[in-house]
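What Swiss-Prot annotates here:
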{"type": "BINDING", "residues": "Arg25, Glu87, Lys130, Lys464", "note": "(6S)-5-formyl-5,6,7,8-tetrahydrofolate binding site"}
{"type": "BINDING", "residues": "236-241, 255-261, 280-283", "note": "GTP binding site"}
{"type": "BINDING", "residues": "Asn236, Thr255, Ile257, Thr260", "note": "K(+) binding site"}
{"type": "BINDING", "residues": "Ser240, Thr261", "note": "Mg(2+) binding site"}
{"type": "DOMAIN", "residues": "226-386", "note": "domain 'TrmE-type G'"}
Amino acid sequence: MLATDSDPIVAIATAAGRGGIGVVRVSFGRGGEAAALPLIDALCGQKLAPRHASYVPFLDEHGAPLDRGIALYFPAPHSYTGEHVLELQGHGGPIVMQLLLQRCLDAGRGFGLRLAEPGEFTRRAFLNDKLDLAQAEAVADLIEASTEAAARSAGRSLDGAFSRQIHALVDDVITLRMLVEATLDFPEEEIDFLEAADARGKLAKIRAQLAHVLGDARQGALLREGLSVVLAGQPNVGKSSLLNALAGAELAIVTPIAGTTRDKVAQTIQVEGIPLHIIDTAGLRETEDEVERIGIARTWSEIERADVVLHLLDSRNGMTADDETIAARFPGGVPVVRVLNKTDLTGVAACVEHPAAEGDLTEVHLSAKRGDGIDMLRAELLRIAGWQAGAEGVYLARERHLIALRAAQEHLAQAADHAEQRAQSLDLFAEELRLAQEQLNAITGEFTSDDLLGVIFSRFCIGK
């Protein structure tokens, strides 16, 4: 906890720009009631009943109204931050909001009121045990949600669904640790611990439970982050037409002239609530045109960062020598789907062909021009992403959550190995359980550095 975490803070809590309502929020920190009551009197000219909406004038330093609106006073600990909080809801014009903000700062100068940093109100809520860290992150995720599914999942995380799963895992790990460490503390008790306490059975159940949580978290991360899909291939194979077909709109220029697309064209579409970030790129070929060469270099950069590459071919020509050269340069760790476009010119029915042998690629035959096979391609992208259609109860998760869950999974696997070696490895068994617990606690913030908190809350908007 930093020294500044107890400062009184103020910020405009609503989005920039004009609106029907604007909100200025004050959290009084260490100032408490001694700071709150004089500020309320200076701004509102009267006392406020706790947790009641009062329609009052917002007064300047001379007692003249700056605005009129709703004032709400929340004494600690019954507030968003867990501190004494004042919210002033006025008209949402930027000038009015700035005047009201400055009035708060001037009136609160005597007790050290300052502007809040990004995410500082939610940071206070975390530090005062109103939210755990996973719930605090869900606040930002709910604000930033780009799909209905992502918003609903963020709401479940904010409600504590993810945190409850983590706490249940931690409780089970702690229970098992207690059994192991009790045996280590009393070696004179000649009890076969592993058999009597069914330690291996308990560990197996914890590992299965963790695998389930990790699976749900992967689904949640997919809802939050989406999938980056790069369209790559030679010129004139229909990449821009495919982008337009996937998006359902004319986003990219389509002509028979090779090299029309010289820089990337990106569009995010939603498929079953999953954001697919589709990137149309310059056609891959040898060229003397400097502008086109720059576009091709950017294409390869996008391919290296992609989650999936769609390698487009002209179905009339199949896999040519130039296509083989392109395919040989694809990064080894990036999934590639071979898309044979223009089936309207060959008479081949739209279909998906999954690999018959290891090392082969999935092939999708389609016509971007007519739209044949586009739904099949969307379904294939979701399959590659690992999305389970109709998954209920998914909560939004972040990459740091996945990293912590995978690390905990690895520590539990090591613990299982030590359990198989029986009593001679009980101390190592206990240590791996401790490390797994540490990783799980980091998700909810029970074991977290100030540096990590700074990174997480700096990404919030000011006033939240």
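From the backbone N, Cα and C atoms, a Cβ is placed for every residue, glycine too.
Least crowded of the binding-site residues (Arg25, Lys239), judged by neighbouring Cβ atoms within 10 Å of its own Cβ: Arg25. All protein chains included, Ala282 (GTP binding site) registers 27 other Cβ atoms within 10 Å of its own Cβ. Across the domain 'TrmE-type G' (226-386), the model assigns an average pLDDT of 83. Neighbour counts of Cβ atoms within 10 Å were compared for the binding-site residues Asn236, Ser240, and the top value is held by Ser240. It is 9 Å from the Cα atom of Ala282 (GTP binding site) to that of Ser240 (Mg(2+) binding site). Under DSSP, Ser240 (Mg(2+) binding site) is assigned to a helix (H, G or I) in the three-state scheme.
Under the DSSP three-state reduction, Arg25 ((6S)-5-formyl-5,6,7,8-tetrahydrofolate binding site) is assigned to strand.
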